[in-house]
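Right, one structure below, let's go through it.
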Amino acid sequence: MVGGSSNKVDTVHETSIRVNTGSSSTMEIHKVCLPPNKTTFQSIKHNFSEIFFPDDPLHKFKNQKPFTKFLLGLQYFFPIFQWGSDYNLKLLKSDVISGLTIASLAIPQGISYAKLANLPPIIGLYSSFVPPLLYAILGSSRHLGVGPVSIASLVMGSMLREVVSPTAEPILYLKLAFTATFFAGVFQTSLGLLRLGFIIDFLSKPTLIGFTAGAAVIVSLQQLKGMLGIVHFTPKMQIVNVLSSVISTEKEWSWQTVVMGMSFLIFLLATRHISIKKPKLFWISAAAPLTSVILSTILVYVFRAHTSAISTIGHLPKGLNPPSANMLYFSGTHLAIAIKTGIVTGILALTEGVAVGRTFASLRNYQIDGNKEMIAIGVMNMAGSCTSCYVTTGSFSRSAVNFNAGAQTAVSNIVMAATVLITLLFLMPLFYYTPNVILAAIIITAVIGLINYQEAIKFWKVDKYDFMTCLVAFFGVLFLSVQMGLAIAVGVSVLKILMNVTRPTTVVLGNIPGTQIFQNVGRYGDAARVPSFFILAIESPICFANSTYLQERILRWVREEEERIVANKEQDMKTIILDLTAIDLDVSYNFAAVTAIDTNGLEAIVEIRKMLDKRSYKLVLVNPVGQVMEKLESSRTLELFGEKSLYLTVGEAIADMSKRLKIEI
């Protein structure tokens, strides 16, 4: 049988059939027309527009007065002007409630994720103040909760730590973190302005699922330092090194820390489970981290004489974000790692932010502009790097809480930022006795949700290659490093694209008796070959990457068909039909059309025709799409084929060729 991607020919039906083409003598043969003539400039303009402006962002400006265009421009670049004019007290009430709710999650998360990036805890709070304010002005999502995220924090911490020690050289490490954040913002903004967002699509879903699951396991294992009270812990991120460090430092374990950590971890996981089972109780898991921080801080303070073994955060400075533009590192031996870290974390932050924004936008039936989101996230990171912030983006956990709490607009981010501001100005001394073990428990609870084994099972059932990509990313992160695991997974994804391009599927078509439907003979049991005709379809553009393969594969199809005909003593093959279309005009059958062809592809078609001609076979083409037809005409390839070598449908090709060659079908 010939499957969707199989290249083996087997006998499917008796070939003595009759194609329902009507009366051959009266059937009208349609001409394949060229598309409307375009100048070179028009063609380039059309292609450029389709690649970079598929959403036609300027359509609202057409036929508008200058002042209206000015207002539309403000709304386009600053979405706050779009929804701000209709804002009212009812919306404000919903946004205040949701803003306060996500603030209760953002404060402990900010402190925890900063430690995950090997940064001072206060940097996490700074990063939950300035970026959300900027996003509220520039962002197009109504529900995105902005702030530090676990994956970007982990990657930044692991990449920078390989070069600079955060304990031995804390100032240099902080400079590199701010510089990486700046370059992340530059990269993100550039992608948005140049409308190159498709670059982040190379991080396929299987890649991200495997990567985030592996990162979640590594992050959780790294938190054993805090959960067990270990002082001397490995800075390496590989699973073998982490587990070895845990076992070798057994004497440093603190039973007080273990008891407190496990107690609050169970509490946090229980509240998370309740909120998953009953979404209306989302506020329970949202409030649990801050509740844990408050309760653990009180316990440590009250019993401080007996809890000296439990390490605490210590002093956190009060006040607003100090300027950090003077700390940006634009020269020196470590500039390369700052740029590299910025690009990697920038891509991850964009992928998460845009994906989360689109997810919640679809639930409320509105759209967000991916390129504008990139600009918004990029600008807030560039500004953040100058105000003591590190990489931030849209957080899934914050956004989910924000959505479930009833947020209506980006004002919820402003309310959250205002709450963080109050905390920075007045409440910082209260965190002095907050135990580090609680931050570890919060991080573990947050990253557990990143292990999406259901999707991995789905990949196994649907696409084994996607499953392999997921596993490569997962084990690459576990046993090599975070960035190596990501790089290998992206490489596997790109290899899949190359395989699809360089080895496209070709299938044999047969006629479904009594119709003019021609389908894959291996997929449709009643589709039978037409005597004297061999019909092939190509499910890919023909380009330099696959032209040689297609040439060889088509000739092999012909050889195998000859052998099959001899073995079954069937009528000799006389005409080979190469179907280049996705949709037959008489009936619809779905194949991936030859949507494009380049000079290598044209040469391959000519070579195939010459080789078949030497073997006394007639090659005809069916319904090339507009772009392919233009190139066939301009290259004079059709002239080499001679008359009656191009048809609009397979049915018309069979009917006309049967009449001309006096073939009995």
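Don't overthink the numbers, they just go from 1 along the chain as shown.
Quick reminder: no glycine exception, Cβ is built from N, Cα and C everywhere.
The structure displayed is predicted, hence computed values, not measured ones.
Summarising the annotation, TrEMBL assigns transmembrane segment to 119-137, 172-196, 208-233, 253-270, 282-303, 327-350, 410-431, 437-453, 465-495. Taken from TrEMBL, the feature domain 'STAS' covers 523-657.
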Segment confidence, the domain 'STAS' (523-657), expressed as mean pLDDT: 85
Top partner of the transmembrane segment (327-350) among 119-137, 208-233, 410-431, 465-495 - counted as Cβ pairs under 8 Å: 465-495
Composition by DSSP (helix, strand, coil) of residues within the domain 'STAS' (523-657): 60 helix, 21 strand, 54 coil
Seg_contact(the transmembrane segment (119-137), the transmembrane segment (465-495)) with at least 3 CB pairs under 8 angstroms, min sep 6: no
